[in-house]
Amino acid sequence: MQIQVNLKDNPYKVFVDEPYFLELNTKVALLSNPKILGLHLNSLLKRIKCEELFIISVKDGEEYKNLASIEEILNQMFNSKLDRKSLLISFGGGVISDMGGFAASIYQRGIDFINIPTTLLACVDAAVGGKTGVNNHFGKNLIGSFYQPKAVYCQSEFLRTLNERELKAGLAEFIKMAIMFDENLLDFIENIDETTFLNANCKDEIFTQIISKSVALKARVVENDEKEAGLRMLLNYGHTFAHIIENQTKYKIYLHGEAVAIGMNMANSLALNLGLIDEKECKRVENILKKFKLPTTYKIKNLNEFYEAFFLDKKTHHQKINFILPHKLGQGIIKNDISKDMILKSLGQFQ
Ligand SMILES: NC(=O)c1ccc[n+]([C@@H]2O[C@H](COP(=O)([O-])OP(=O)(O)OC[C@H]3O[C@@H](n4cnc5c(N)ncnc54)[C@H](O)[C@@H]3O)[C@@H](O)[C@H]2O)c1
Ligand SMILES: [Zn+2]
């Protein structure tokens, strides 16, 4: 299946489980990490023909999604004498696509890049939409750019080597989109049989469905609001909390999607206290998360410290925290007028 992302200045296609062969008359830098290269490089190389190919392999892990890695990537690009016509291919999960896109956006003021995502999370979310960047000690994704890929190739076969935890973490971002935009998708997710989802023989088909539904939705959101002025902010549902949790646990305890699952549950508890959603809706989401064995709770040690961390969020303006909450299931809302007392009360439920 092909899904068009209709951006006026940068239209591109996302190919989901379509056969492809890339004939590129340029030098190519292939950004990945040792694990992914070990598993899937040979299979990818069969699909690429180019002038010269340089492999840039960075350390694996969210803790290496930082400016030091970007500098290393750029140095290798200069060493390989890539020019402004060269192409960067990000081959990996969201960490690789976020860093590859960012490096491509600043190398000689910007070269083209393609995403070939290899995690479910990157297929359903990170590889599409052009948000790129890295973390620093102030928080997650605080440095970056909006820079669209020229194309995205999602292949379910690469996902066969992901472990259960990673698959479920990827699903969390899809659950997020369903809650924010489309209750029918939530029904679809509820009906996914957990064993089918994890069964090697059925995986590809269910992945094709999940990825194409998710990409189609994300494409429409990004087309409406590329630079995140409004609608696209809803994709940050759960993330205001998740980023603090990830930062506090130094990116070592939770996968990003797992932190998002906890974040969604925290956001829902705030939405429940505000009367936006009811107990039943709150429970429905919690049950879906639990069905896929995603974590739903995190012990907040210091309420004030957690609260103060909201002010470093990119969505905080003029000291007003923008909370992304479900208004009902399938429809998100942005609230920036929630009292400190109410926020602390909701966070207190996670102490
Ligand atoms: N730009 C965006 O719009 C956007 C959206 C969502 C998430 N993100 C970012 O994405 C990142 C999370 O992405 P992720 O969950 O893919 O994490 P990740 O990139 O760290 O990948 C998870 C793990 O899976 C391994 N891996 C990758 N492909 C594999 C394969 N096919 N088989 C076996 N192992 C494989 C990786 O080496 C890594 O150890 C976060 O940094 C998050 O901020 C960005
Ligand atoms: Zn995310």
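Note that Cβ sites are derived from N, Cα and C of the backbone, with glycine treated the same way.
Automatic prediction, not curation, is the source of TrEMBL annotations.
Annotation comment: TrEMBL describes 60-65, 94-98, 118-119, Lys131, Lys140, 158-161 as NAD(+) binding site. Around the Cβ of Thr119 (NAD(+) binding site), 27 further Cβ atoms fall within 10 Å across all displayed protein chains.
In the three-state DSSP reading, His239 (Zn(2+) binding site) counts as helix. Annotated Zn(2+) binding site per TrEMBL: Glu173, His239, His256, in sequence order.
If you look up TrEMBL, you'll see 56-168 marked as domain '3-dehydroquinate synthase N-terminal'. Each residue in the domain '3-dehydroquinate synthase N-terminal' (56-168) has a pLDDT score, and their mean in this model is 96.
Taken from TrEMBL, the feature domain '3-dehydroquinate synthase C-terminal' applies to 170-316.
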For Thr161 (NAD(+) binding site), which DSSP three-state class applies?
coil
Of Asp60, Ser97, Phe158, Thr161, which is closest to His239 (Zn(2+) binding site) if I measure between C-alpha atoms? They're all binding-site residues.
Ser97
Using other CB atoms within 10 angstroms as the count, which residue among the binding-site residues Ser97, Thr161 scores least?
Thr161
